[in-house]
Amino acid sequence: MYLLIVKKTDRLEGIVKAPPSKSYTHRAVIGASLADGVSRIINPLWGADCLSSVHGCRMLGANIELDKEKDEWIVKGGELKTPDNIIDIGNSGTTLRILTSIASQIPKGYAILTGDDSIRKRPMQPLLDALKQLNIEAFSSKLDGTAPIIVKSGKIYGNVVKIRGDISSQFITSLMMLLPFNKEDTEIILTSPLKSKPYIDITLDILNKFGIKIDKTDNGFLVYGNQKYKPIDYIVEGDYSSASYLIAAGVLINSNITIENLFANSKQGDKAIINIVKEMGADIKVKKDKVIIEGEYSLKGIDVDVKDIPDLVPTIAVLGCFAEGKTEIYNGEHVRLKECDRLRACAVELKKMGADIEEKPDGLIIRGVKKLKGAKLNTYHDHRLVMAFTIAGLKAEGETIIEGEEAVKISFPNFVDVMKSLGANIEVK
């Protein structure tokens, strides 16, 4: 396991590019694998999770060429096949959930999907129950609603599927990507309020690019039947979740940084980081395709509803530590179901640095202390915690040692190099 050694940094300066969007890359490569013909995914995220989707799609029959030099993936899709081995999707929950549904459309036999320790704890039962309503046989090998998942080849029957909206939006994305294969139109009815709605907006956006028509209804969505995915050339935009660490660093530290490849009209929910730091008092400049930050700024605590932005929780928690007054994060029960229990992890680890932070069932209360001290932190193999805690370490007195640096390969493989290029005092050991 690698350690990240982070020391207090007085100045950040430079122009950097936000890494490509993880959410868009996943959906683009899976959609392209379902399209009959050749698609090009341009500027994809070369992160471990998205490469898990590449691996899973290859196992299900797609021919995918990865061209590092041109920074594009060429995908020849359209013909699903029965995999000749178990599909190991590593640490990618998105891959597991979307491909569980897609695997039902193989021509014969079974597909088995599994992953690492963290993945084998993630809830899958709501999706398995939904698939059962559509005559699809998919079950947990342990019969406890978690991976390994065994999926039987089968035709979709039925025109209504009911599913909860408050556990994971990935279940709904999975159904949306499957149901164009149904011969008839299908209504997805949400039986509880939808959380992480912006991720569904991303799914709708990319499915529309592939020629798939889905309408919103009063209580869910209507997916039209007998549709075909069309091959496309698709350029992946920058990722606001990953950029949130760069934005937080610029806001907290004396800085002059420009983050390119961030589009003001993006459908990503995590674009909310812009309004969050502005509301806290950071006068950052937002252009059509970039963000300019001239920090540092005096921040004040605010209340943040994280129902739709679970991935921003670690970033907001760190910002709250350095803000005047109280920052409250609420509506985040689902944040406990990520790579780790992120609410607990933020509370436990930031306390080691001297933070005044209190855990609640659905969030965190942080009282700004303005100063943190270096400490040795555990990140529970969670990429977002590695990056958020790095930003805390850049502002803290002394040296912060962060375990599990390699986790950043999931969403922001060159995070350390990008931070160093801005002048961050960090090294990997």
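Glycine too: its Cβ is placed from the backbone N, Cα and C atoms.
Residues within less than 8 Å, Cβ to Cβ, of Asp311 (active site, proton acceptor) and separated from it by at least 6 positions along the same chain comprise Ser241, Ser244, Asp270, Lys338, Arg384. What Swiss-Prot records for Asp311 is active site, proton acceptor.
Among the features that Swiss-Prot reports, phosphoenolpyruvate binding site is placed at Lys22, Gly93, Arg122, Gln170, Arg342, Arg384, with the record citing sequence analysis.
Annotation comment: Swiss-Prot describes Lys22, Ser23, Arg27, Ser168, Ser169, Gln170, Ser196, Asp311, Lys338 as 3-phosphoshikimate binding site, evidence class sequence analysis. According to DSSP, Ser196 (3-phosphoshikimate binding site) sits in a coil region rather than a helix or strand. Less than 8 angstroms from the CB of Ser196 (3-phosphoshikimate binding site) sit Ser168, Ser169, Gly269, Lys307, Asp308, Ile309, Pro310, His334, each of them six or more residues away in the same chain.
Taking the Cβ of Arg27 (3-phosphoshikimate binding site) as centre and 10 Å as the limit, one finds 27 other Cβ atoms among all the protein chains shown. Comparing Gly93 (phosphoenolpyruvate binding site) with Arg27 (3-phosphoshikimate binding site), their Cα atoms are 13 Å apart once rounded. Lys338 (3-phosphoshikimate binding site) falls outside any helix or strand according to DSSP and counts as coil. In the three-state DSSP classification, Arg27 (3-phosphoshikimate binding site) falls within a helix.
Of the listed binding-site residues, namely Lys22, Arg122, Arg342, the sparsest CB environment within 10 A is found at Arg122. Across the annotated binding residues for phosphoenolpyruvate (Lys22, Gly93, Arg122, Gln170, Arg342, Arg384), the two most widely spaced Cα atoms sit 19 Å apart. Ranked by Cα separation from Arg27 (3-phosphoshikimate binding site), the binding-site residues Arg122, Gln170, Arg342 are led by Gln170.
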